[in-house]
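Heads up, the thing below is written out as structure tokens.
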Amino acid sequence: MLRAPGSDAPPTLSVRIAAAAGAACLADMITFPLDTAKVRLQIQGEGQGQPPRAPRYRGVLGTVATLARTEGLQKLYSGLPAGLQRQVGFASLRIGLYDSVREWLSPGQGAAASLGSRISAGVMTGGAAVFIGQPTEVVKVRLQAQSHLHGRKPRYTGTYNAYRIIATTEGLTGLWKGTTPNLMRNVIINCTELVTYDLMKEALVKNHLLADDLPCHFLSALVAGFCTTVLSSPVDVVKTRFVNSVPEQYTSVPNCAMTMLTKEGPLAFFKGFVPSFLRLGSWNVIMFVCFEQLKRELMKSGRTVDCAT
């Protein structure tokens, strides 16, 4: 990515990691209700040997309103602690390391990065982040998906209770359940999100359409969010279904995908598309805008400290 405006030196690795973690956590806190709505829409219609029922949730705003009315406003933020834990370890790596890995893969010092090196950087940083952050993803999805309606006893009472119960009843491997679809999803997301943002921002600045500032960051992030949602939705739905499933409901990730296809049709793979885009689009805008600003401010702070000493 291009260096922050007004900066003579590119952001250091520690600045990029800290800025990525902070920006991702802020974006998560603001958009989390949309993510919860997306999860509920994705698991709707998931049969467990029961006759089909009329949909409870209709559309993203309807889902948010239904959850707030029937389960309380706090339900919209169920799983947020795990979500923030996830971003600290996950986003800081996949976003914070992207520039460094891309530069390492580029042919020479100061040479323009090729599309291949950008994609490879997205694959490597996204894949590494998934293995580290998967337990937090499992807990987040489980807490978002569970309902307290109709006298159902919740599977988990809180974030750390969920970690303990999953590890106890399903083994440590239960905390890495769904790693394969999540790896596929996040490789797609990381490549599309970061590479699209990188290329869009570079094109806008180099062609003098926009300066490297807020409007450029906003537009680049919005385009990246839409492209990412289109490509990642099918894998995201399968990942959510598989991670949330009870033991032995699906024998494997392909079995989960085939069950969805045969019972619900191909459109099931795009369930929750609108909330996914609203969430990813808004998440991208908030995260990238904050990421750029945090990098700039952290570099300024570092230079101020250096001058003072």
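Cβ from N, Cα, C; glycine included.
Residues annotated as topological domain 'Mitochondrial intermembrane' in Swiss-Prot, with similarity to another entry given as evidence: 1-10 (among others).
Long-range neighbours of the transmembrane segment (11-32) within the same chain, counting only residues 6 or more positions beyond its ends whose Cβ lies under 8 Å from a Cβ of the stretch, are 3-4, 76-77, 79-80, 83-84, 87-88, 90-97, 99-100, 279, 282-284, 286-288, 290-291, 294-295, 298-299, 302. Residues annotated as transmembrane segment in Swiss-Prot: 11-32 (among others).
Feature annotation from Swiss-Prot assigns repeat 'Solcar 1' to 11-104.
Residue environment of Lys271 (fatty acid 16:0 binding site) contains 26 other Cβ atoms, counted within 10 Å of its Cβ in all protein chains. Feature annotation from Swiss-Prot assigns fatty acid 16:0 binding site to Arg58, Lys271.
Positions annotated as transmembrane segment by Swiss-Prot, on the basis of sequence analysis: 76-98 (among others).
Per Swiss-Prot, topological domain 'Mitochondrial intermembrane' is recorded for 99-118 (among others), and the stated evidence type is similarity to another entry.
Per Swiss-Prot, the feature repeat 'Solcar 2' maps to 113-203.
For 119-135 (among others), the entry in Swiss-Prot reads transmembrane segment. Sequence-distant contacts of the transmembrane segment (119-135), counting only residues of its own chain at least 6 positions beyond either end whose CB sits under 8 Å from a CB of the stretch, comprise 86, 89-91, 93-95, 97-98, 101-102, 105, 163, 175-176, 178-179, 182-183, 186-187, 189-195.
Among the features that Swiss-Prot reports, transmembrane segment is placed at 181-197 (among others), with the record citing sequence analysis. Only residues 6 or more beyond the boundaries of the transmembrane segment (181-197), in the same chain, are considered here, and those with a CB under 8 A from a CB of the stretch are 1, 94-95, 98, 115, 118-119, 121-123, 125-127, 129-131, 134, 137, 220-221, 223-225, 227-228, 231-232, 235-236, 238-239, 242-243, 253, 284, 288.
According to Swiss-Prot, the topological domain 'Mitochondrial intermembrane' annotation covers 198-214 (among others).
Taken from Swiss-Prot, the feature repeat 'Solcar 3' covers 212-297.
Residues or ranges marked as transmembrane segment in Swiss-Prot (evidence: sequence analysis): 215-234 (among others).
Positions annotated as cysteine sulfenic acid (-SOH) by Swiss-Prot: Cys256. Cβ environment of Cys256 (cysteine sulfenic acid (-SOH)): Val238, Arg241, Phe242, Ser245, Tyr250 lie under 8 Å away, each six or more residues apart in the same chain.
Sequence-distant contacts of the transmembrane segment (269-291) (same chain, at least 6 residues past either end, Cβ-Cβ under 8 Å): 19-20, 22-24, 26-28, 30-31, 34-35, 37-39, 41-42, 44-45, 59-60, 63, 91, 95, 193, 197, 214, 217-218, 220-222, 224-226, 228-229, 232-234, 236-238, 257, 260-261. The transmembrane segment feature in Swiss-Prot is assigned to 269-291 (among others).
If you look up Swiss-Prot, you'll see 292-309 (among others) marked as topological domain 'Mitochondrial intermembrane', on the strength of similarity to another entry.
The DSSP breakdown of the topological domain 'Mitochondrial intermembrane' (198-214), given as helix, strand and coil counts, is 10 helix, 0 strand, 7 coil. According to DSSP, the repeat 'Solcar 1' (11-104) comprises 70 helix, 0 strand, 24 coil. In the three-state DSSP scheme, Lys271 (fatty acid 16:0 binding site) is classed as coil. Following the DSSP three-state reduction, the secondary structure of Cys256 (cysteine sulfenic acid (-SOH)) is helix.
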